[in-house]
Amino acid sequence: MTALISQPDLLPPPAPERCPPQQTARLFRETPLLLDCGQVVQDVRVAYHTYGTPSDHAILVLHALTGTSAVHEWWPDFLGEGKPLDPTRDYIVCANVLGGCAGSTGPAELPRVNGEDPPLTLRDMARVGRALLEELGVRRVSVIGASMGGMLAYAWLLECPDLVDRAVIIGAPARHSPWAIGLNTAARNAIRAAPGGEGLKVARQIAMLSYRSPESFALTQSGWGTRRPGTPDITTYLEHQGEKLSTRFCERSYLALTGAMDRFQPTDAELRSIRVPVLVVGISSDVLYPPAEVRTYAGLLPRGQYLELQSPHGHDAFLIDPQGLPEAAAAFLHGA
C-alpha cells in the first residue's frame with residue numbers, strides 16, 4: 001500500500017508537568033550479557049523513560065542516533081493525548097541504547113577488543129532492551145522507530161520475534177547501502193583525525209548534509225550574512241549544529257553506534273521470515289535513505305505496508321515536518 005501524506009499535525013506538545021523523569025535499571029548482574037563479538041558483559045546500566053500506566057503490553061519507542069529516551073523532548077508530534085503515543089491509553093517505554101551516552105552503559109565501560117572499543121551490534125542492543133522489558137513486566141510490544149531506531153526495529157523483529165506484535169519503521173532501510181556506510185566512514189574518520197571534539201563537530205556537519213535535502217537548504221539556508229557578516233547561512237548553520245552536538249554527545253558513542261548500523265546486514269531470507277504486520281515509511285526527499293530503497297525492503301516483508309511522507313525537508317522530516325504521519329502511525333499501531 002502506498003499513501004501520500006500531506007496534512008500537518010497541529011496538536012501542541014505535551015505539558016512539561018506531564019513529562020516523567022529518567023529512570024535507571026541494572027541488568028545482567030547474575031547472568032552476563034554475551035555480545036555478538038564474543039565479549040561478556042556483567043552489570044549493564046540502562047537509562048529509560050516510561051509514560052502511562054504500567055502494563056504487560058507496551059509501545060516501545062526506539063530513538064535515533066543522537067537521540068535519548070526522553071521522547072517528550074524530541075517527538076512532540078507523536079507523544080501526547082490523542083497522538084500515536086498516548087499516555088492516557090498506552091504504556092510507552094523508551095530506553096537509551098547500549099553504547100550511547102545518555103545514561104546507559106557506554107563504550108568506555110565495556111571490555112575492549114584488541115585495544116579498541118568492542119564492535120557493538122543492533123542485535124546486542126535489542127537483547128539489552130528485551131532484558132529491560134522483562135524487568136518491567138512487559139510481555140508484548142508494538143515497536144516504533146525512525147532512522148537508527150527504524151533499523152533497530154528490524155533487529156527487534158529478527159532477534160525477538162516472540163515479543164513484537166507489529167512495528168512502524170520510519171525513514172530506515174533494513175541494511176546500510178555503500179552510500180550510507182560511506183557517509184558514516186567519512187564521519188568516523190573525521191573523529192579519529194581530530195579527537196577531543198573538533199572531529200565530532202565535522203562528523204555532525206557531514207551528517208546534517210544527509211539529514212536534509214537540497215530543496216530544504218534552498219528554502220531555509222539560502223541567505224548570506226544573516227548570522228555572520230560575509231558568511232553563507234549554510235556555513236553558520238552547519239557550524240552551529242556541530243557545536244551543539246559536541247556539547248552533549250560522546251565521540252566514542254558516535255563511533256560505536258554508526259559502526260553498529262553499518263554492520264547490521266540481514267539477508268533477504270531473514271527479512272522474509274518476519275511474520276508480523278510492519279508499516280514502513282519512506283520520505284520523498286530523503287537523500288540518506290532514498291524512498292525507493294526503503295520501499296524495496298518493505299516489499300520483502302510478508303505483511304509489510306509502505307507509505308511515503310511527502311516533504312521537501314529530507315531525512316529529518318520525521319522530526320521537523322511529519323505532516324499526517326502521526327495519524328497514520330496511530331491507526332496502524334492500534335490496529336485500525
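In case you wondered, yes, glycine gets a Cβ from its N, Cα and C as well.
Per Swiss-Prot, domain 'AB hydrolase-1' is recorded for 58-321. Feature annotation from Swiss-Prot assigns active site, nucleophile to Ser147; the stated evidence is sequence analysis. Residues or ranges marked as substrate binding site in Swiss-Prot: Arg204, Asp316. The annotation active site is assigned in Swiss-Prot to Asp286, His315.
Sequence features annotated in Swiss-Prot and their locations in the structure.
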| residue | record | Cβ within 10 Å |
| --- | --- | --- |
| Ser147 | active site, nucleophile | 26 |
| Arg204 | substrate binding site | 26 |
| Asp286 | active site | 28 |
| His315 | active site | 27 |
| Asp316 | substrate binding site | 22 |
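Measuring Cα to Cα from Ser147 (active site, nucleophile), the recorded positions that fall within 10 Å are His315, out of Arg204, Asp286, His315.
Asp286 (active site) has its Cα within 10 Å of the Cα of these recorded positions: His315, Asp316, taken from Arg204, His315, Asp316. On a Cα basis, His315 (active site) lies 14 Å away from Arg204 (substrate binding site).
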